[in-house]
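Student: Here's a structure for you.
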Amino acid sequence: MPGDYAARCPAPPGTRAWKLLAAILLITQGAGAQKVRVKEELEAYPTESVELSCQFIDGGSSTKLTQVSWIWEPVDGQRDNIAVYHPVYGHSFPNPSFRDRVVFLYNNLKNPSIRINNLRMSDAGRYTCEYATYPSGNEQGTTSLIMLAKPRNSARVVTVQAGSRSLVVAQCEAADAKPAATIKWLASVGGNHSTSTTNGPDGIVTVRSEYRLVPTAADNGREVTCMVEQRTQERPWAQTLRLSVEYPPTVSIEGYDNNWYVGRSDAVLLCLANANPAPTTITWTSASGPLPDTVVVDDNKLMVRKVDDAVNTTFICEVRNKHGASRHQLTTFVIEALEDPSSAGLVAGAVIGSLLALLLVVTLVGVLLTRSRRQQRRGFPSSGDSFATGSGGSNGGDYGNKARLLFGSSGNGGKNGTSANNNGPIYTYREGCDATGTLTEKPNSFHHHHLQHPSTGNPPTAHDILLCGEMDEAERRKFELDDSMEEEEERYDRFGNVGGGGNMLPPAYHAHRSHGVEAEMDVYLDNDMESQRDGSVISRTAIYV
């Protein structure tokens, strides 16, 4: 459809001519822009140098270069030639402000680059490299020079007095910067800030910021941080400030421990003051009048050389600085002298040591007595001890050492009586021995004795055999009773109380006289006796016949 419409309705001749002219102009401008090559924008700093490059691109052998000029157009002002180069007449610098600061780098029309030394902030603007050519006319390229200025950053604290009004406590400034800087605050004190800007010559800008708050004594020493950001800085500039808030003193007294006893010599009181600026004077006084003679004052320290009733008073400390004065008081109480803890410790140690020594002596005596009693109980009875002989008859005699039995253990006798035999030797007293009463060994059983010596007497009766076995059983029980000390002590205590008329029953020694030529008396110990109601005494030992 659009194609058909264009075919049916051709454009007027004038319209086609205008389109052709516009295309020619665009081509001409593009060709001109390509002929002069420059940098579009440069940045520089005061006192530094900058190179403005310019190069003509050969447009063909038909183009002739006649002259090149550098034209400066300031930000606010008129265009002006600052440098000219002619292949015949050389170079010239018409502008006096650039005359000593501009030089051509190459004496060549195709590359007329220049360098500007000792830059100033006022040098900012547009610099155009312009060629005079034939036959095409003038060809040019423009570079924008941007002058930058690094800020001079600073921050400071403003000393204020604590009060109820909002005051400036810190200031921060970024001066003579191009472009203008940005100031920020980092703080935790709850204030706010305000910023102002001042424009200077050649486009430089100074930015100031103030931090405000209602100052209190608690704000003194707190930190706020100023941060400055600007194009020429690689990273933000920051400075931390400590606020300075002045206030009158607040006073306290420390050192009293409620233990000022009579005679104490190390009592000290300290007057502590919180003030900004520092206190100028510290004064100690007493509510009862002049300070006691035993008190020594050293600045904020009050020392008592020796506590007595005179220091039983109220002490007052007054502190003053340029913003005012404050005081604090403390009442001390003197108590009675205390005993020396070291002496009490020595006395207690001596008492405890004495008790321990006495306990040790008593224990040692008890051990020795126990051992002595054991030895006496295990030894032989004295010559005056009485023995009941036979089977409990009343014809017992005073045998003394003659009736003492010595039992030896040998053979394979079992402890519990399951395999006991009569292999152990039994020592008895034989009548007819020498006057010393020497004990002789008797075979362990009547059976064994009569087998080996059939001619010594009559053969043993059943009663003799049972009596011999009972003697072995009495021996076994005796050694088993030695293992139980409490039972042994009880039984031997009963034996010891016989002579004193007590109700305890002594152990009975049973003696049996054998028949034969060599009469022998077999004796065994029966310590398991029981008293009857009729006054008789019987043995609990069982005898089997």
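Each residue, glycine too, has its Cβ placed from N, Cα and C.
Any TrEMBL annotation is an automated prediction that lacks curation.
The signal peptide annotation in TrEMBL covers 1-33. Per TrEMBL, the feature domain 'Ig-like' maps to 48-146, 151-244, 249-331. Per TrEMBL, transmembrane segment is recorded for 346-369. According to TrEMBL, the region 'Disordered' annotation covers 375-401. As annotated by TrEMBL, compositional bias 'Gly residues' applies to 390-399.
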Student: Express the predicted model's confidence over the domain 'Ig-like' (151-244) as a mean pLDDT, rounded to an integer.
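Tutor: When the pLDDT values over the domain 'Ig-like' (151-244) are averaged, the result is 96.
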Student: Please list, for the domain 'Ig-like' (48-146), how many residues fall into helix, strand and coil according to DSSP.
Tutor: 7 helix, 52 strand, 40 coil
Student: Summarise the domain 'Ig-like' (249-331) by DSSP state, stating how many residues are helix, strand and coil.
Tutor: 3 helix, 49 strand, 31 coil
Student: Would you list the DSSP helix, strand and coil counts for the residues of the domain 'Ig-like' (151-244)?
Tutor: 6 helix, 56 strand, 32 coil
